[in-house]
Structure formats: structure tokens, C-alpha cells
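Visitor: Okay, so TrEMBL annotates it like this:
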DOMAIN    24-279  domain 'BAR'
COILED    155-182  coiled coil
DOMAIN    314-374  domain 'SH3'
Amino acid sequence: MDFNVKKLASGAGLFFTRAVQFTEEKLGQAEKTELDAHFENLMSRADCTKNWTEKIYRQTEVLLQPNPSARIEEFLYEKLDRKAPSRITNGELLGQYMQDAAKEFGPGTPYGSTLIQVGECERRLGAAEREFLQTSAISFLTPLRNFLEGDWKTISKERRLLENLRLDLDACKTRLKKARLAEAKTAMAPDFQETRPRNYVLSASASAAEHELRVAQTEFDRQAEVTRLLLEGISSTHVNHLRCLHEFVEAQAAYYKQCHFHMQELQKELGRLPNAFALNSTHSMAAAGSAAEGISSPVETDTLKIEEVQAPATGTRKAKVLYDYDAADSSELSLLADELITVYTVPGMDSDWLIGERGNQKGKVPVTYLELLS
């Protein structure tokens, strides 16, 4: 108990001494030991690294998981050292809803069959997103978090210790300065009755202050070297984060590449669907027109004969092909991405399609695969 009281009193005295030194420095009444310029640059670089790493980490979290409630849940599981339950992605959920709806509407109907195709694509996109999230969390977020929660906490702890030792050192310098001033003042105005005892006390006080200063200087120098080594390790941190950034970019590129591939395949599948609708649409329009005019002639059932279609004198345009397209039958024209073709429309043709010409080749092409040029 006595030991604890003494230790508490010693700690309180040390804290008070540091507080007095800090206050006098702020008021300009005490000198402050300045660190060299290189050391200051290292600390500034470390602070900059910490601040930007924290911002990048937080925003990457938002990018990977926009839902704040989900982020809080994952944070709590992490703090409780428990594995977070597997969460279905929004794309997978949307795909599941579409496929369930297709079962209700009938998978044999045009709408139902399209829902099945789009739903499967959305599920693939969701699976690709899940893989991207897992890869990014391991290769990018985890190293950044390890730096903030590990290396940076160690650096901060050593810097606080260095600052406390710096305050102790400057307090020792102040005490030594005051002891020498008192000793010099006594030497200039001696008291002949008490000269020897007072000089002896002042000399002993100055000697004790010098010893305390040497000890404080040694501890400060040792701590400064430890802190310097930690701060110089920020360069290695940058190298590690650079490698992690490359891995994040590769994961992101692979994810978007997968998404682009799945969407291209989906577009190819959907590009063939208007073939089935165009004839029905044309027939419906013809039947409606005949009914309005009171004409009882039968509906035209012959498909469009491409070889009989002639390019109009005016109205043709150039178009750039955006994606590869494989013709579904002889009435369509296969396309290659980035090639230029001539396109035009003919009366009675579905608005989702155009007639495309490339040299001597001619056929129907889907509008969604083209960029019309002026």
C-alpha cells in the first residue's frame, strides 16, 4: 500500500512538472528542445500517410458496401471476434426475384423467358460482385486496417513517450539553469555568516540537476532513435500499400471484365428476341388497320425478303458497331465490333432493327448494337 501511494505521488509529481513545462513553453517563458528538420519531415510524412490512408480505407468501405447498417453489423461482428453471416448480393437477389416471377408468368411466354435470361445474368453479376468484394477485402482493406490499428498505434505510442521525455529533458534544463543562477547570485552577494553552508547546498543542488539532465538526455536520445526508426518504416508501408493497390486494381478490372462479358452475352440473347416479336407486331398492326378500314383481306404472313430490299435514294447513314453480333438466320447480318456499316430502314420494319449493308452483304441488324453517326 505504501509503495502504491509513493508511486502515485511520484507519478502525480512528474505529471505536474510536465504540465508546468508545457504551459511555460506555450507562454514563451521556457525554452523548448527542437527536433532536427529531418525528424520533423518524417513525422509530417507519417501524419500525412495516416490521414490519407484512413480516408482511402473509409471510402473504399463505402464503395464495397454502400449500406451503412451492413457496415455497422460487420464492424460489430469483427469486434466480437465472430464470423459475419454470408450476405446475398443485390444482383443475386434481383436475379432470384426475376426467375421466380418468370415461373409465375410462365417460362414459355416471351416475358417469362426474357426474365429467366436476365435473372440468370443478374445472378452471375452478383456472384462476380461477391468474389470481387472478398478479394478486395483481403488484398486491400485488410492491409490498410492493419496499418491503422497496428503500426500507427505503435508509432503514436512511441511519439507520445518521446514528447514526455522531451518535456522531462527541458524541465531538467530549466532546473539546472535556475540552480546555476542562484549559485552565481550567492557568489556575487555572499553572506559571511552562512557563506559555506549555503554555497555547499547550492553546489550540491546544481550537481544533482546536472546528473538529472544527463539521465534525461540519454533517455530522450534513446527514445528519439526508436521513434526515428519507426517513422522511417513508413517508406516500407508505402511500398506495401502500393502492392495492395495494384492487387485491388487487378481485382476491379477482372470484376468489370466479367460484368462486361455477361452483359454482352445477355445482349446477344436479347438481340435475337425482337425477331420473334417483329412479325407479331407487324401482324397486329396490319390486323388493326384492316379492322379499322373494314377490309377483310388476310394478314400478310410472309417474312421480309432481304434480297428484295433496295437501299433508298436518301436516308442512309453510317453506323459504328459497338459489339460483336452473330446472325440468328439468313435474314440477319453478322457484325464485328468497331466496324463501320451503312444502315437504313424500310417501311413496316420493327423499330428495334435496321437494314445493314457491308459491301455485297446485307441483312437485318439490331439497333442496340450500333452507334449511329451523323
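Here the Cβ of each residue, glycine as well, is placed from N, Cα and C on the backbone.
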Visitor: Which numbers of helix, strand and coil residues does DSSP report for the domain 'SH3' (314-374)?
Guide: 3 helix, 28 strand, 30 coil
Visitor: Please average pLDDT over the coiled coil (155-182) for the predicted structure.
Guide: 85
